[in-house]
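Input: a single structure, listed below in structure tokens.
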Amino acid sequence: MVVLAVLLPVVFGALLLLGLPRALGVLGAGLSFLLNLYLFLTHPGGVAHAFQAPLLPGAGVYWAFGLDGLSALFFLTIALTVFLGALVARVEGRFLGLALLMEGLLLGLFAARDLLVFYVFFEAALIPALLMLYLYGGEGRTRALYTFVLFTLVGSLPMLAAVLGARLLSGSPTFLLEDLLAHPLQEEAAFWVFLGFALAFAIKTPLFPLHAWLPPFHQENHPSGLADALGTLYKVGVFAFFRFAIPLAPEGFAQAQGLLLFLAALSALYGAWVAFAAKDFKTLLAYAGLSHMGVAALGVFSGTPEGAMGGLYLLAASGVYTGGLFLLAGRLYERTGTLEIGRYRGLAQSAPGLAALALILFLAMVGLPGLSGFPGEFLTLLGAYKASPWLAALAFLSVIASAAYALTAFQKTFWEEGGSGVKDLAGAEWGFALLSVLALLLMGVFPGYFARGLHPLAEAFAKLLGGGA
């Protein structure tokens with residue numbers, strides 16, 4: 001079943017790239033969402049729907065996939081965000097085909113149980129993102145593309161060395177995750193392996209100062225917001241630290257933990273500070289994403305079960321509300337021709353539905369209780385406090401700042417006087433709005449249900465690091 005979930009969007013994406021109608025892509029995105037909703041609702045715990053087949057058996061490489069509670073949650077949020085984008089983003093069929101292809105590669109990344117296969121999906125998921133930027137981006141897309149590729153190469157080569165070292169230096173017979181965990185690295189080897197992983201994953205989180213690719217990536221991408229929403233979903237560094245880097249090299253992590261905690265807190269505060277000064281929605285959301293990923297990383301780096309669980313939940317939730325805000329920004333651009341904050345005012349008068357959706361998405365971003373951002377932020381800060389009270393305080397300041405920049409942007413755009421004449425939500429946009437709000441409410445009101453598969457993983461993670469029961 002997990003293989004079907006990975007292949008379904010890839011097949012529909014390939015059909016769209018061959019020139020079939022865009023409506024087929026909406027159907028494919030909808031079917032993918034329904035399938036992943038079913039997989040999440042029926043997930044029995046543990047690693048379900050496991051699939052394993054030899055790829056290069058002589059080299060110890062296997063097509064190995066499985067769905068645990070963590071990957072099941074990400075399968076759901078990724079498929080939901082792509083479906084929402086397919087509903088409302090006015091893009092041509094081939095663009096949507098690239099989006100579906102990227103969805104399938106992201107699902108493969110989150111389900112991979114073989115380290116080398118994970119590396120392949122980790123890198124392959126970049127290809128559709130690069131093509132969307134190159135083919136459909138703005139005037140400065142070439143520079144943004146070069147920056148993106150440069151940072152990717154800086155992380156990719158050390159990561160490949162770490163992947164090979166994790167097996168060869170440990171004596172594991174295969175690249176399968178369970179075999180690697182059963183053959184722990186020696187302390188010196190663990191440091192170098194972790195360093196290779198950490199560089200790549202810090203770029204893809206991203207953490208300050210390895211975030212320079214992020215603002216131009218969003219600013220120059222297609223104004224529909226679909227590529228930006230997918231870029232939000234590709235911020236997989238926190239997941240990769242939790243799934244691979246830290247469990248495979250805990251001694252290496254222990255040597256770098258203090259620095260990583262500091263960089264995570266700094267990323268949270270720096271991102272919030274720059275977002276407050278942003279003049280357009282894409283820049284605001286890019287730096288807000290940096291800030292939220294810093295908070296999520298802080299939770300995982302704390303090594304506590306609360307922090308890890310909160311950081312991962314925040315990562316999943318942010319894909320929905322940040323992705324939703326990028327798509328909303330695309331709707332604003334279609335109506336006004338600009339993304340500049342304050343350029344259009346008083347939108348709530350002529351577009352109350354659009355304004356209500358924006359308010360709920362922004363409130364989820366700032367962590368209002370009852371919406372999806374709150375449970376992850378609360379648990380993350382709780383876990384971070386146990387590891388470092390003063391760094392948790394810095395992260396808390398970023399949460400306060402998020403309310404300032406988000407609500408200020410909302411006020412300038414929707415609430416101040418200035419008859420805008422912008423039309424309200426219509427047609428499929430109402431479906432986008434209702435599904436988004438429903439997801440934000442359910443994840444905020446019933447976090448225990450959505451995070452039911454995270455708790456045992458977070459406990460095992462903390463126990464590995466000496467912080468669990």
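Residue positions begin at 1 at the first shown residue.
Backbone N, Cα and C define each Cβ position, glycine as well.
Feature annotations, courtesy of Swiss-Prot:
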TRANSMEM  1-21  transmembrane segment
TRANSMEM  23-43  transmembrane segment
TRANSMEM  47-67  transmembrane segment
TRANSMEM  69-89  transmembrane segment
TRANSMEM  115-135  transmembrane segment
TRANSMEM  144-164  transmembrane segment
TRANSMEM  190-210  transmembrane segment
TRANSMEM  284-304  transmembrane segment
TRANSMEM  308-328  transmembrane segment
TRANSMEM  354-374  transmembrane segment
TRANSMEM  390-410  transmembrane segment
TRANSMEM  430-450  transmembrane segment
Folded-back contacts onto the transmembrane segment (47-67), same chain, C-beta under 8 angstroms, at least six residues removed: 1-3, 6, 39, 75, 108, 111-114, 116-117, 167, 172-177, 179
Recorded stretch that, among 69-89, 144-164, 354-374, has the most CB pairs under 8 Å to the transmembrane segment (190-210): 144-164
Touch test for the transmembrane segment (354-374) and the transmembrane segment (430-450), at least 3 Cβ pairs under 8 Å: yes
Long-range neighbours of the transmembrane segment (115-135), counting only residues six or more past its ends (CB under 8 A): 13, 55, 61-64, 95, 98-99, 101-102, 105-106, 108-109, 141-142, 144-145, 148-149, 152, 156, 159-160, 163, 166-167, 175-177, 180, 200, 204, 217, 220-222, 227, 230-231, 234, 236, 240, 244, 248
Two-stretch contact, the transmembrane segment (430-450) and the transmembrane segment (284-304), at least three Cβ pairs under 8 Å: no
Stretch in 23-43, 69-89, 144-164, 390-410 most in contact with the transmembrane segment (308-328), if contact is a CB pair under 8 A: 69-89
